[in-house]
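A.B. asks: Found this in TrEMBL, in case it helps:
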type	residues	note
SIGNAL	1-24	signal peptide
DOMAIN	25-64	domain 'Leucine-rich repeat-containing N-terminal plant-type'
DOMAIN	73-170	domain 'Disease resistance R13L4/SHOC-2-like LRR'
Amino acid sequence: MALCSASALTLTLTLTVTVYLVGGNSEGDTLYTLRRSLSDPDNALQSWDPTLVNPCTWFHVTCNQDNRVTRVDLGNSNLSGHLVPELGKLKYLQYLELYKNHIQGTIPVELGNLRSLISLDLYSNNISGTIPASLGKLKSLVFLRLNDNQLTGQIPRELVGISSLKIVDVSSNNLCGTIPTTGPFEHIPLNNFENNPRLEGPELQGLASYDTNC
């Protein structure tokens, strides 16, 4: 009887530890998915070990006191590949720094789920496609730097509703339409929109549609 009880206790403890590892490592799973989608010739991601309970010991990753990922700092790391939609699961993430790499593909719409995000720096890559309207849900966003990519389409009007937004730079892309002039865009300098040959300039409220030349 004692042997059965010991076996049951061992099984319970094993299941408990297993559940903890799976749940505790969910952010690590997300970041490891990103790692697998990137080419890393300089081994910047060498420490990203998926067997750890959480990724807080990995280089270029910062966590808060609750071991939740708050920063990913991989700027100028010679990375190529593409971003993954799983990044939208990092709900405590405040800084996503992937500037000056060789990342291709599109910006996942799931990044609009990063409600704690303060800074999104994807500038100086090879990112294409449109700027997702879902980024308008990032009500804590202060810095949005997407310049020097291959982005097309319009500047989403959803961005004008982000009152915290201080810096927007989408220069040197292939955007079209006109530049928003309301909300935080009242204070964004025009040179942050330059070198977009199809961008018409500031929109005239009530006089012109913003999708001109798109």
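Glycine too: its Cβ is placed from the backbone N, Cα and C atoms.
Keep in mind that TrEMBL annotations are predicted by a computer and have not been checked by a curator.
Could you give the neighbours, burial and distances for every feature on this list?
C.D. replies: Under 8 Å from some Cβ of the domain 'Leucine-rich repeat-containing N-terminal plant-type' (25-64) lie the Cβ atoms of residues 70-74, 77-84, 86-87, 89-90, 92, 95, 103, all in the same chain and six or more residues away from its ends.
In this model, the domain 'Disease resistance R13L4/SHOC-2-like LRR' (73-170) carries an average pLDDT of 98.
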